[in-house]
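A short write-up of the structure that comes next.
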Ligand code: ADP
Ligand code: TRP
């Protein structure tokens, strides 16, 4: 523990202020520290050093509240108010910003009354490696402290949502460019991995409607697709306790960071992107391609990097986009001499990397009409299963059949009961079971497998209030995390409100 902290602890003890010492890795933002320690922003106390008329004052407020400058001016009886600049802060406190202590000797201190609503509050120690946990009543022992009403609760801050210490974060997104109905390829290639991760990880999942705008440019269609995708995803996910589910356009920081990233991304990097090259091959004139489509990988880099995930589960078709995001993160860090962005890793499990369609030779995709749906009427699903490609060399039910490349068995390997599937495979190879029986088994298996999701889908569809609440809460949490990254980005790039000779 460094000397500053030791000295501060001594001073607190002399004042009879009690606390617990919590150590952690070096984390700059209060939010990250709280998250690491397993607390929300409402459990954090921040000391703001301000210049009120001619004097410096310290204000202690809760992390989820915002200063109401009118209230401050009125309650302190001052006309002018501004934050201390970095030099003043450093001179007066002697500690790095982000580590301000609640007790600043010889500085008049005001305690926002909302702090006392919490029994315990975590606050700075003078070091970025140590946080002190106080009984908030003890703050009253700070000499001359005044308790006042200075803040309003900041909307968009999740108060007290706990995250488990050391939990890894993952992030992914699905674009509502199609009609929003998910098929078993999407489920196995994207959603299922996410559900598995959500058991042990802190997950962010977005409906990437800004991405959809690159190709869907009709209001009613975009709305329908997005709404449908939201229902499909929520129904499949079920338990959201570890998942922040949100709509991309509810978080303006995605578009904001995209602009900043535009400035560190070379044209060549984007010209090599598959999505753009595919478009060119489709005989679209380069001059005609909209810039949103061209820029798509930068928006995706922003989606990812705002949340600093440990990894990004995606289908193989998205691998290049993650590589571009890594490249952009590196370029940003290098250009602005920062360490803001950890390089994201794709997570692509091999066995489900690409699920082939019911035609047996192309990737399962809505646009190719080779899908098996999840929420369609059972009659539709039955038809899709019955037309699935099996073994073209097998003419009669008693001909020995092949398993390899037989899509019915490929799907059964994912969804069926292992023992039963092995049995069917054996019989099939010996010509002892007709195609239609195996297909019926696949159909029943799928309906059983997705029964809870199909039920939840119906429930959500008849309860829009519930869906709205999920989206609102998700957007608030996402904005909180994204906002904190943007503060770092603003500081690193010079887009701050603190210049060398003035601030606002
Ligand atoms: P589609 O190809 O049906 O239009 P999308 O491109 O919207 O589907 O993909 C949504 C998500 O599902 C992406 O993460 C994508 O990688 C994954 N995905 C789509 N089709 C498949 C597939 N056949 N196999 C594996 N994953 C897939
Ligand atoms: N582009 C992805 C797709 O088409 C969807 C997506 C948008 C995404 N933003 C993301 C995936 C961020 C992972 C991370 O499938």
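Backbone N, Cα and C atoms are what each Cβ position is placed from, and that goes for glycine too.
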Motif ''KMSKS' region' range according to TrEMBL, out of 353-357, 358-362, 363-367: 363-367
Rounded mean pLDDT for the residues that make up the domain 'YbaK/aminoacyl-tRNA synthetase-associated' (24-141): 90
Tertiary contacts of the motif ''KMSKS' region' (363-367), as residues 6+ beyond its ends and Cβ separation under 8 Å: 178-179, 181, 183-185, 317, 354-357
Least Cβ-crowded entry, counting other Cβ within 10 Å, from the binding-site residues listed as 175, 177, 186: 177
Taking residues 175, 176, 177, 185, 186, 315, 316, 317, 355, 363, 364, 365, 366, 367, which bind ATP in the record, the widest Cα spacing (Å, whole number): 19
Distance, residue 303 (L-tryptophan binding site) to residue 366 (ATP binding site) (CA atoms, angstrom): 25
